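Colleague: Got a structure for you, written out below as structure tokens; questions coming shortly.
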């Protein structure tokens with residue numbers, strides 16, 4: 001009827017009808033209504049898709065909360081809290097320390113919360129002064145070449161580029177670093193100084209934790225003095241309450257439908273069955289193992305060359321990047337915990353935060369079985385920290401076991417000595433502790449709450465995307481070692497990888513979750529720039545990618561600069577990895593020089609550092625006269641330090657400058673990215 005009226009209107013004289021007809025009005029209303037619903041439905045879907053699910057990085061202020069309330073100040077005010085503990089964490093330790101501080105705040109009449117700076121509007125620090133007796137504590141790790149952790153990067157840049165007035169902000173900083181690295185605790189030191197420059201008040205001096213020694217001891221010692229300073233600054237007294245308060249409560253999930261139960265996914269339920277791009281730390285890609293072959297020719301050690309298939313994943317990497325591998329614990333260790341605690345590992349459960357205001361509802365993806373939690377989510381192979389010893393005391397029925405735990409949990413010199421010897425020196429994990437203290441029978445749900453999260457393992461990528469765009473290669477030594485208690489500890493990731501052998505038949509190929517982490521370890525922009533690469537053992541990994549990329553450029557007809565490689569291993573006939581490849585690159589001219597050191601092929605041990613000292617003229621020619629780049633990859637504790645000392649000595653002698661000038665020269669090389677290190681301890 002309306003359509004016929006519409007036609008009729010079109011056929012009549014315009015002056016005989018109103019400017020806007022009833023049909024026009026009706027159509028206009030329909031269009032507006034449709035547009036309204038389309039816009040808001042799209043906006044709702046967009047908002048929903050942008051909300052992050054439960055993530056691997058535990059945070060008390062999730063992105064879901066950030067959507068509605070990104071202000072941690074509002075959270076503090078609405079819940080009557082005065083203490084916020086921010087963490088910058090790459091492996092989970094800083095987040096764990098932050099949680100322990102926030103929990104202890106109750107003993108000092110300071111209700112606390114943990115916050116991830118990546119999920120907060122850190123500009124709101126200026127409003128902390130509005131909360132009476134407020135305190136902000138920062139547990140900040142430094143990694144790489146003095147870099148902030150991924151989740152602290154925005155906060156770090158905000159401090160660098162801003163000039164906020166932080167007068168009235170009370171703060172304290174604890175840094176997590178490693179003295180084997182040149183830039184020891186650089187980020188924490190900067191944040192501590194910068195906050196003071198912006199007008200904030202330091203309540204307690206910065207603490208510097210050294211993971212190369214005993215970072216747990218460093219943290220506990222600093223924390224005890226911190227609370228003394230807090231009591232003095234605010235005029236408060238400790239309540240004396242030492243009880244172990246559970247952060248999570250057990251929920252029976254036996255009635256939950258199977259399709260709603262996590263089975264090892266990092267964040268999104270069924271994410272491995274229904275993969276979605278982009279892939280990152282919170283959403284890894286389930287990659288097929290395309291190649292897994294042994295690199296060592298003989299001997300009792302193993303080094304694996306592994307290729308991850310990324311075809312169709314849309315993942316891209318650059319030469320020098322890292323790949324993260326998500327491991328799982330061995331079923332043998334998991335079953336052992338079930339036996340020791342007489343627990344049903346296949347029971348479905350959930351741990352729910354007792355703080356109803358917290359947006360971190362679970363410590364790991366829940367609901368799941370205990371077997372899943374112990375296999376995929378919890379670290380059961382590392383040395384437990386002292387706070388776990390403290391929490392286990394109540395579960396010891398034997399007075400001797402109880403006293404031993406009390407001693408190790410204490411901060412007395414005797415307690416620290418016992419913890420260092422019995423836990424760290426003897427390399428006991430939670431399974432060993434339960435075996436050696438048989439009367440200790442913790443509730444399995446409480447143990448799951450106490451244990452830290454199982455972290456992914458990072459490997460230098462040993463391939464170039466120019467040559468292998470559809471795969472990622474790594475070079476990994478199988479980790480197995482005997483402990484003083486005559487046990488054999490096995491590397492979680494490498495022992496898992498060793499079992500993932502691809503087959504030649506139609507059976508499903510083995511898979512493992514991975515993602516790519518960007519690195520600053522890069523080839524010079526110009527292929528003509530000469531480079532020196534120093535990488536003994538698996539330190540060769542990223543340089544294999546460098547050489548592949550330069551070889552690709554050479555085959556394209558481009559000019560490439562000198563490439564000098566220093567490689568060392570124990571014995572030429574045992575562990576000279578990629579020997580044929582390297583010799584071929586020497587033969588075709590891509591690799592200008594290959595300096596080799598086989599430490600055990602002669603009576604006196606010979607290392608790459610000895611070769612560097614012998615080739616001072618060559619070193620200076622490339623880094624001094626030709627402004628070339630120098631790269632170091634491998635052990636940070638000794639090799640990288642020795643290389644640095646040798647380079648300084650070469651600059652001083654060949655450049656005819658003082659030691660101070662040589663140090664400044666090398667420092668400038670680092671700033672210009674002409675001296676880069678990819679090292680581990």
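Every residue gets a Cβ built from N, Cα and C, even glycine.
What TrEMBL says about a protein is an automatic prediction, not a curated fact.
According to TrEMBL, the protein carries these features:
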type	residues	note
TRANSMEM	20-39	transmembrane segment
DOMAIN	83-227	domain 'Flavodoxin-like'
BINDING	89-94, 141-144, 176-185, 211	FMN binding site
DOMAIN	282-524	domain 'FAD-binding FR-type'
BINDING	301, 538, 599, 600, 605, 606, 607, 608, 609, 642	NADP(+) binding site
BINDING	457, 458, 459, 460, 475, 476, 477, 481, 491, 492, 493, 494, 680	FAD binding site
Colleague: Counting only other Cβ atoms and using a 10 Å cut-off, which of the binding-site residues 301, 457 scores lowest?
Modeller: 301
Colleague: Considering every residue in the domain 'Flavodoxin-like' (83-227), what is the mean pLDDT value?
Modeller: 93
Colleague: Counting other CB atoms within 10 A of each CB, which of the binding-site residues 89, 178, 475, 599, 609 comes out lowest?
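Modeller: Taking 89, 178, 475, 599, 609 as the binding-site residues, the minimal 10 Å Cβ count falls on 599.
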Colleague: Could you give the Cα-Cα distance between residue 605 (NADP(+) binding site) and residue 477 (FAD binding site), in whole Å?
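Modeller: Residue 605 (NADP(+) binding site) to residue 477 (FAD binding site), Cα-Cα distance: 21 Å.
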Colleague: At the Cα level, what's the spacing in Å between residue 459 (FAD binding site) and residue 144 (FMN binding site), rounded?
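Modeller: Rounded to the nearest whole number, the Cα-Cα distance is 13 Å.
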Colleague: If you run through the domain 'Flavodoxin-like' (83-227) with DSSP, how many residues end up as helix, strand and coil?
Modeller: 65 helix, 35 strand, 45 coil
Colleague: In angstrom units, rounded to an integer, how far apart are the Cα atoms of residue 92 (FMN binding site) and residue 457 (FAD binding site)?
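Modeller: Per the Cα atoms, residue 92 (FMN binding site) and residue 457 (FAD binding site) stand 12 Å apart.
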Colleague: Between the Cα atoms of residue 607 (NADP(+) binding site) and residue 493 (FAD binding site), find the distance and write it as a whole number of Å.
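Modeller: The separation of the Cα atoms works out to 28 Å.
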Colleague: What residue among the binding-site residues 181, 607 has the most other CB atoms lying within 10 A of its CB?
Modeller: 181
